[in-house]
There are 2 protein chains.
Amino acid sequence: MLDDIEIARAARLKPIGEVADRLGIPGDALIPYGRHIAKIEHGFVSEARHRPRGKLVLVTAISPTAAGEGKTTTTVGLGDALTRLGRKATICLREPSLGPCFGVKGGAAGGGHAQVVPMEAINLHFTGDFHAITSAHNLLSAMIDNHIYWGNEPRLDGRRMTWRRVLDMNDRMLRHQVNGLGGSADGFPREDGFDITVASEVMAIFCLATDLADLERRLKRIVIGELDARSYATADMIKAAGAMAVLLKDALQPNLVQTLEGTPAFVHGGPFANIAHGCNSVIATETALGLADVVVTEAGFGADLGAEKFLDIKCRKTGLQPDAAVLVATIRALKMHGGVAKEDLGGENVAAMEAGFSNLSRHLENLRKYGLDVVIAINRFASDTDAEVARLRQLCAEAGAPVALATHFADGGRGAEDLARTVLEVLDGPRRQPFGLLYPDDLPLPAKIETVAREIYGAASVEYDGRAARKLAEYGERGFGGLPVCIAKTQASFSADPQRRGAPSGHVLPVRDVRLAAGAEFVVAICGSIMTMPGLPRVPAATRIGLDAEGRVVGLS
Amino acid sequence: MLDDIEIARAARLKPIGEVADRLGIPGDALIPYGRHIAKIEHGFVSEARHRPRGKLVLVTAISPTAAGEGKTTTTVGLGDALTRLGRKATICLREPSLGPCFGVKGGAAGGGHAQVVPMEAINLHFTGDFHAITSAHNLLSAMIDNHIYWGNEPRLDGRRMTWRRVLDMNDRMLRHQVNGLGGSADGFPREDGFDITVASEVMAIFCLATDLADLERRLKRIVIGELDARSYATADMIKAAGAMAVLLKDALQPNLVQTLEGTPAFVHGGPFANIAHGCNSVIATETALGLADVVVTEAGFGADLGAEKFLDIKCRKTGLQPDAAVLVATIRALKMHGGVAKEDLGGENVAAMEAGFSNLSRHLENLRKYGLDVVIAINRFASDTDAEVARLRQLCAEAGAPVALATHFADGGRGAEDLARTVLEVLDGPRRQPFGLLYPDDLPLPAKIETVAREIYGAASVEYDGRAARKLAEYGERGFGGLPVCIAKTQASFSADPQRRGAPSGHVLPVRDVRLAAGAEFVVAICGSIMTMPGLPRVPAATRIGLDAEGRVVGLS
């Protein structure tokens, strides 16, 4: 089989106007970025968002393993299959981050015959949204330190600034630094550091904002640290939000591209799935729902993280409700959850798969707690044996969940037609339970964390580091107790220990730190060590990426 | 009079396809970025660059003062006037840098009725070229530290790395920093810092590269520091150049926009005019020359810096030759060169203007040393008196230089028709002297610096700090002696002392430091203190920039 970039390059792309036409987007609402990418104008977006809405399908997955699950490819394959079955379908994905492209990962626009294209552009600068977010974030950073440098009013406490800087780059050297060295004209020395752009609160705000006015309202509310008087300092107090909104204005318009098979795809926003909420922009999702009959979207990591945040943060804030969920798994990954090491995945092992099914089963139960009807999607590998598949079908039947096998990676949309039919049965049938969120807004913050820990993670209890507990209490006292929580935890396990696969229970969730994202409107609870600035591996993918003699990109896959 | 953004917003822009049509650029060679901006495809560019070429007019100026001279507006006005006179004209400008927009300066796309548009887009993210340059630069930075972190071969000497990081932001806190703090997983502590993106060698390379292959060749040659064995370490040694070229591939295609009057404008690249060469990209200039009959382009700061580098670096490397130069001055600025303070510029002062004419006269003589025919352009202000104008005309006549008054700021192209006619007389007439560079390639580096100091600055001698002299000798020994020099000096004076206006002579040029830009292919000589990362003022322009109720940008002017 060809590699991703070769498949993408061989594809015959439709002009973006034709793709837009499928969704009834008029030409004058398109802002082209080349021939195969367009942004959709604010004016049309604000009208389309308020039309009668299509059905929303949330694609999520079991806890990720090194074996790979294929959530993005399943989203693409399902969208293409729905199109093949005659539905007016579209998909909504996050934009890939540039930094990881040059590390281990390569591109992040799907894979095989289930990709969004133009793959190179999407994986590299695309329409510049992340660059705009980087600029807006760092403008605030520069304005904070400049405000302190000149001693402007209101007086900021330079020792208590929490706003860092960002770059869309994997660069461990920037995690912890002392800035402002060099002398009195060069600022004032203080501890600081850079996160990767996807971890920026500006990214989360961008993805949750419903329009430009809401964007600016949220930017103003960003808490940057404290005033000399210990009350919270905001971006508004140093008059930074207007210029930040100006930098983000064009970027906030959703991006339209296409799959390899020509299904329209909204690829917009890309918040980290740990310290942010990990799904594409509200504006893109709502626009898609106003234009298509079925919208397939994806949330980051496993369902305990991605789906939980999609539901308890994004849906809570917007009133969005998925009409069905697709829970993606592979037999290989289930075997890893059953205790098999990656290098031993070759042979048949029904028992291990059965043991690992506990992970899938827990995610399934969790999604049902929101009243969701769930379809299990098995992303099939050639190495899966008939016995493994048969037993898996049986386990799903016992769990009362419809299941479909899909081969979209090798076969494109044709390979996901069974899955699409199974999803359509759910969408076209009556809703079995009412949709509901996991906890109400007015539950105190610690109780919200405890609810997620108990109901979703299977934890027995939550333990707070002393400072985390104090800060959490302070957020409540200062009027932020009504916000939802965004839990940053390893994606590899329901527990905070990445080694505990399957469906651990009775464990303790350790909350090491908490952070207030007042503009994004959630409180982050950090459980265990969370990396907000990745590093590069010993041999970065960048060393293999380059241009060939014809000036074409090679090595990006 | 309306402010810049109001004038720009009131303009009726042509679709970019119509603008391209004037130059015979076919629609399929355009890569649209919205309706009024396009990049021109590499394929068409490489063909157009080799067509018979139009005439090239270099716009430069007297030494800048706080009164302002209007080099960019003159470039725009002259282009528009040439169009009005029936010539197939185009202009070539640098892209504005984002950082300074939020500081003192506001936008940098011309002003009044002599602007390039869409002004907001050009001043903000435009086509993302600077973001691409920032990414490519910082990818190299991350790969260098990652290479050291993992102890990869060849062994880099972590104490002798000279490659810094960049952001397109005015942020003094990042000038000097210690990175790599936090522990063994977070790199290794070392001194480092950020420059503004326009100061990056990648920016200079981008602007001097003739095509993608030349770009990659130059990126490979960047000297990043030293190996353990004290020889130079290059970007090629850590396999970074391929991925950097991939990040720059699309950006390298020139950007086409228009003036308020619809004259096609190439706005591409934006190297600093002190530690880099300060003019727009070679690719854009050559493409413009292949498509238009007259191309008007601008070089940064006064003629001692901008024009000297345009000629001795850009022209030397490419074989470009201006067919005429326009030397821009204002009566106000001449009076400042004659000793008047900015606050005293109100009244008539023929004597001061006459004294300050020495600055203009020196620049004129200098330009003639290259064999250039020079037209003096007086950017007229309403406050200029008839007596001042009459005397200035007389002085120009005595200097043997044609002079024209222009009012393009208030009147657009109509206000620069006299100037255009004067320029056309030169262009259409016989060349009076052959074009020649100031020094040959094979002159030793110190002699090159001394030639510029003596011939252009009027200095008596050059003094080197000990380390600068040693490094300069080392560059020669290591095979870089054939490169031209790029002198970083205050723009406010012919001397290194910004207080010495007019035409100082007999002074000493102090060379404090030198830097090798092996990829850009010049040696930087730093004379006096040069800021490579600006700061923000007490009240940054950013505090006034924002969106109005209709979502339009305000405060950017």
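Numbering starts at 1 and runs along the chain as displayed.
Glycine is no exception: its Cβ is also placed from the backbone N, Cα and C atoms.
No curator has checked TrEMBL annotations; they are predicted automatically.
Look at TrEMBL and you will find A:Thr65, A:Ala66, A:Ala67, A:Gly68, A:Glu69, A:Gly70, A:Lys71, A:Thr72 tagged as ATP binding site.
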Legend entry - Which same-chain residues, if any, lie at least 6 apart from A:Thr72 (ATP binding site) yet have Cβ under 8 Å of it: A:Leu93, A:Ala108, A:Ala109, A:Gly110, A:Gly111, A:Ala114, A:Glu298
Legend entry - Structural state of A:Gly70 (ATP binding site), classified by DSSP into three states: coil
Legend entry - Lowest local Cβ density among A:Ala66, A:Ala67, which the record lists as binding-site residues, within 10 Å: A:Ala66
Legend entry - Lowest local Cβ density among A:Gly68, A:Gly70, which the record lists as binding-site residues, within 10 Å: A:Gly68
Inset, instruction - Might you list, by sequence position, any residue in that chain lying six or more from A:Lys71 (ATP binding site) with a Cβ less than 8 Å away from its Cβ? - result: A:Val59, A:Thr60, A:Ala61, A:Glu298, A:Val328
Legend entry - Cβ neighbours within the same chain of A:Thr65 (ATP binding site) - under 8 Å, at least six residues apart: A:Arg332, A:Ala333, A:Met336, A:His337, A:Lys342, A:Ala492, A:Arg501
Legend entry - Close in space, distant in sequence - A:Glu69 (ATP binding site), Cβ under 8 Å, 6 or more apart: A:Ala61, A:Ile62, A:Val328, A:Ala329, A:Thr330, A:Ala333, A:Asn379
